[in-house]
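This report refers to the structure that appears directly beneath it.
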Amino acid sequence: MNDVAIVKEGWLHKRGEYIKTWRPRYFLLKNDGTFIGYKERPQDVEQRESPLNNFSVAQCQLMKTERPRPNTFIIRCLQWTTVIERTFHVETPEEREEWTTAIQTVADGLKRQEEETMDFRSGSPSDNSGAEEMEVALAKPKHRVTMNEFEYLKLLGKGTFGKVILVKEKATGRYYAMKILKKEVIVAKDEVAHTLTENRVLQNSRHPFLTALKYSFQTHDRLCFVMEYANGGELFFHLSRERVFSEDRARFYGAEIVSALDYLHSEKNVVYRDLKLENLMLDKDGHIKITDFGLCKEGIKDGATMKTFCGTPEYLAPEVLEDNDYGRAVDWWGLGVVMYEMMCGRLPFYNQDHEKLFELILMEEIRFPRTLGPEAKSLLSGLLKKDPTQRLGGGSEDAKEIMQHRFFANIVWQDVYEKKLSPPFKPQVTSETDTRYFDEEFTAQMITITPPDQDDSMECVDSERRPHFPQFSYSASGTA
């Protein structure tokens, strides 16, 4: 779509994701799916270039509700493999109808456009430009992946939206982590709408420190992501046992994380957003693997809708708490928090009371143990700046600014990417099914996958429900 135009604009009340107050925002909806909000109505081009909120309504799901306020509507979609929601309200039912109709019209137009692109691409499967969006049917015409093709070995994690299981592919003997999400949580049963799956980001990402996606497929009641399995355990697990890492060990892990985030930002134009120790795994050799296993730990029922407090609040950046637009700099805040934990043995800000915790994140100055070296203090101070524009990595140079910091002075970044640096710790795993570095709370549990009403194959997907997840299925070419 070459000509981007404003479809609708006006004032909306947006509810904060974390501090649940309502804030007036002036929103612009564009025909490319962009849905951007400002504190004041933008008067010129310069003001339009710095929105507080920046969302996409592409193939979103819309829900109307009268709670927690009358004339509320909710936009729900998948961001990577995590469900996100944004809540708005207006003064009258007519206003709500105007907004939801406009949003649905834009989403439908984008869906048609994508289908036309898909039709064009599917005619030339050898064209790699469209490979990330091809169905399994295109990659392997005679075969569709089903749940029956895996042995289910051990539970690796569990949450509100589903579970992560260690599986073995029967045909190849290869081990993977399968993330299984329940459709009923993602798609309201009484809504005929489309849910965006940004799993194409995972499909098309190739980086040594990012978890690769091997397959994604759906059954009539589940979405399944089959991902590379790193059995060196969570960094959280290792840090919990050792309490603190040396600066050299933290530097090694930090460099691999920076390399991966640089790739996502510069090559994929993606903000990871959810950097925390639990999402950092080690592979069998001790290298970092950033995962997307994110399962919401707790679900909070809020009125008529399921409002989920996803993620660990200790990692939230100030701009996220203030409900401002967050760009790439949010990932550098996350890097600051995890590196602080590694080198200091505790979180930079902590309080069991969430409101007090948020106040600390927004207001409290960072403190360091006396044992920390000057370069480490300088790095962490830069990464944990409250103002994202002043943060290390917050400028146009992004990751390059962090790479040039004196804490990383001895790091050769190409060597990092090529895994030429020796890991400071090598996991003592004896086999691919060795889960000693995973929480026994999960691995000791029996695996239960509730039997569906009919065979769990792609063919059984009810044609009425299948369109909820268009172009969801995927198979990586070659080996993951």
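Each residue, glycine too, has its Cβ placed from N, Cα and C.
According to Swiss-Prot, the feature domain 'PH' maps to 5-108, an assignment based on sequence analysis.
Among the features that Swiss-Prot reports, O-linked glycosylation site is placed at Ser126 (among others).
What Swiss-Prot records for Ser129 (among others) is O-linked glycosylation site, and it gives similarity to another entry as the kind of evidence.
According to Swiss-Prot, the domain 'Protein kinase' annotation covers 150-408.
The feature phosphotyrosine is assigned by Swiss-Prot to Tyr176 (among others), with similarity to another entry given as support.
Residues or ranges marked as active site, proton acceptor in Swiss-Prot: Asp274. In this view, Asp274 (active site, proton acceptor) is surrounded by 21 other Cβ atoms within 10 Å of its Cβ, with every protein chain counted.
The O-linked glycosylation site annotation in Swiss-Prot covers Thr305 (among others) and is backed by similarity to another entry.
Residues or ranges marked as O-linked glycosylation site in Swiss-Prot (evidence: similarity to another entry): Thr312 (among others).
What Swiss-Prot records for 409-480 is domain 'AGC-kinase C-terminal', and it gives sequence analysis as the kind of evidence. Mean pLDDT across the domain 'AGC-kinase C-terminal' (409-480) comes to 64 in this model.
Residues annotated as O-linked glycosylation site in Swiss-Prot, with similarity to another entry given as evidence: Ser473 (among others).
What Swiss-Prot lists as phosphotyrosine is Tyr474 (among others).
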From the Cα of Tyr176 (phosphotyrosine) across to the Cα of Asp274 (active site, proton acceptor), what is the distance in angstrom?
-> 22
Specify the count of other C-beta atoms within 10 Å of the C-beta of Tyr176 (phosphotyrosine).
-> 23
Tell me the residue counts in helix, strand and coil for the domain 'PH' (5-108), as DSSP assigns them.
-> 20 helix, 49 strand, 35 coil
